[in-house]
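K.L.:
What follows is a structure written as structure tokens; I'll ask about it next.
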Amino acid sequence: MCLLLGAPGVGKTLLVKRLQKLCSPDCKGDLGDPPSTQPTVGTNLTDIMAPRKITIRELGGCMGPIWSSYCGNCHSLLFMMDASNPTQLSASCVQLLGLLSAQQLSYASVLILFNKIDLPCYMTMEEIRSLIRLPDIIACAKQNITIAEISAHKGTGLTEVLCWLQNQHRSSS
């Protein structure tokens, strides 16, 4: 099980839909226009065939206070942040720190996704590293943490996310 978490509006649902499209036989590398999405209320379970089935449990951003109750049996965590919103990045960092300290996630691999790099106001990785003290977070965490800059809207970086998921799924099977 892979858990997908992040604040409301960071692009979690769009990411899952784009990953599904990327894995579909008819994709041929062109994701096309982004599909419409609705805010997730509650939880969505999505299977991605890459080539083995990977189940992603996406939790709505408004469920932040109870995310930890869904962490059992989680082998990997995708934590998405909005790289174009410095205020939300700070708040998301606090949520991330809480998750990294959760006992149930102590052995999970973590991929932190900085989404919305297609927007003109996005922060560079250097700015983000400084703002949320990312090197300190990575150094202190028990988990193996990877970071990626993506645009779920444009499709940038999604192949790398899929490869990461495949590698985590392969190593946890």
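Each residue, glycine too, has its Cβ placed from N, Cα and C.
Values in this document were obtained by computation on a predicted structure and should not be read as measured data.
If you look up TrEMBL, you'll see GLY6, ALA7, PRO8, GLY9, VAL10, GLY11, LYS12, THR13, GLY61, ASN115, LYS116, ILE117, ASP118 marked as GTP binding site. Annotation source TrEMBL lists Mg(2+) binding site at THR13, THR40.
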K.L.:
Compute the C-alpha separation of GLY6 (GTP binding site) from THR40 (Mg(2+) binding site), stating it in Å without decimals.
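P.N.:
Their Cα atoms are separated by 11 Å.
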K.L.:
What is the Cβ neighbour count of VAL10 (GTP binding site) at a 10 Å cut-off, with all protein chains included?
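P.N.:
I count 26 other Cβ atoms within 10 Å of it.
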K.L.:
Identify, in sequence order, the residues in the chain of THR40 (Mg(2+) binding site) that are 6 or more apart from it along the sequence and have a CB within less than 8 Å of its CB; answer 'none' if there are none.
P.N.:
LYS12, THR13, GLU58, LEU59, GLY60, GLY61
K.L.:
Write out the long-range same-chain contacts of PRO8 (GTP binding site), meaning residues 6 or more apart in sequence whose Cβ is under 8 Å from its Cβ.
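P.N.:
Long-range Cβ contacts: PRO39, GLY60, GLY61, CYS62.
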K.L.:
For the GTP binding residues given in the record (GLY6, ALA7, PRO8, GLY9, VAL10, GLY11, LYS12, THR13, GLY61, ASN115, LYS116, ILE117, ASP118), what is the largest pairwise C-alpha separation in angstrom?
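P.N.:
Binding-site diameter by Cα atoms for GTP: 21 Å.
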K.L.:
Check the binding-site residues GLY6, GLY61 for other C-beta atoms within 10 angstroms of each C-beta and report the one with the most.
P.N.:
GLY6
K.L.:
Of all the binding-site residues here, LYS12, LYS116, which one's CB has the most other CB atoms within 10 A?
P.N.:
LYS12
K.L.:
Including all protein chains displayed, how many Cβ atoms other than that of THR13 (Mg(2+) binding site) lie within 10 Å of its Cβ?
P.N.:
21
